[in-house]
Ligand SMILES: [Zn+2]
Ligand SMILES: [Zn+2]
């Protein structure tokens, strides 16, 4: 009897193994390298292959509403409208963190400023922000200022080490002092110069292995090729060998260990590191698209901007420039502006 039961158990187990595939419920996701073990990487364009039009994303019917509802990382700003110096307003502490993150405040310790008081330093920071974004310089959180601040944007700071890259363009990156680099501690290992060395004009790029979508790769390749033909200085080549790559492309969500945590849908959408670091990170939580789709962010447009950072460019005040920090949903922005050309030419003297 016991032998009979054992035999039945074995047969049952064998049948179960046959029926249940090892990747049940998740047929498209490959096993990630150990450092991503706890990270659920969204394949942003995974439904694309089912689409009749290969260049447009199939959008599930309720996802637009969902995306809009969840897109709140900078939502606190809407409650600060009209705020000015001397006031105490709930949420000012969040504004201080925001302006500190993007370089407008240079706190030694954010804890000392963790309060809702609109002080002198904050007013000065708001004025600098307004100057950078071509707004009326009032120091008051008027609706124009708030509407700029809530835009989805690049995580790269506008001001680095106290040097405002948006007003003193192309000068800031040469004077690097790691001691003062409070805002972006992870940039401090770049060393003295934020550019690729002379003669290093052919750059190898590598997609992190979790990126399996051909559409994602195609979008990034498209951006890379645009920079190549635009500069006529850099050329790029994809490599499958991470060790030999100069540039790496990765999707992350939330805190991913480089000191600049992503913040879910909206808010910061991507960031990249100056030469010769070469890392480009996209926020996996963004509603990415290929092409202009309402409430979605065009991947190639953002890749184009981030590659500018990989080449050493900071942000531009020109809204039409690729290097402008913010991007709107539902737009494709892949045309360079003369300002972009001036930037890259000044940096590399070609
Ligand atoms: Zn940027
Ligand atoms: Zn990152």
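Glycine is treated like the rest: Cβ placed from N, Cα and C.
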- request: Out of 233, 281, which one does TrEMBL list together with 256, 258, 271 for Zn(2+) 1?
  value: 281
Field: Annotated range (TrEMBL: motif 'Cysteine switch') out of 119-151, 152-184, 185-217
entry: 152-184
Which of 246, 258, all binding-site residues, has a Cβ with the fewest other Cβ atoms inside 10 Å: 258
Task: Give the subset of the binding-site residues 258, 281, 305 lying near ligand 2, defined as CB under 6 A from any of its atoms.
output: 258, 281
- prompt: What is the number of other Cβ atoms found within 10 Å of the Cβ of residue 256 (Zn(2+) 1 binding site)?
  reply: 18
Query: Quick one: which of the binding-site residues (154, 246, 281, 283, 286) have their CB closer than 6 Å to ligand 1?
result: 154
- line: If we take the Cα of residue 271 (Zn(2+) 1 binding site) and draw a 10 Å sphere, the binding-site residues of 154, 283, 286, 309, 323 inside it are 154, 283, 309
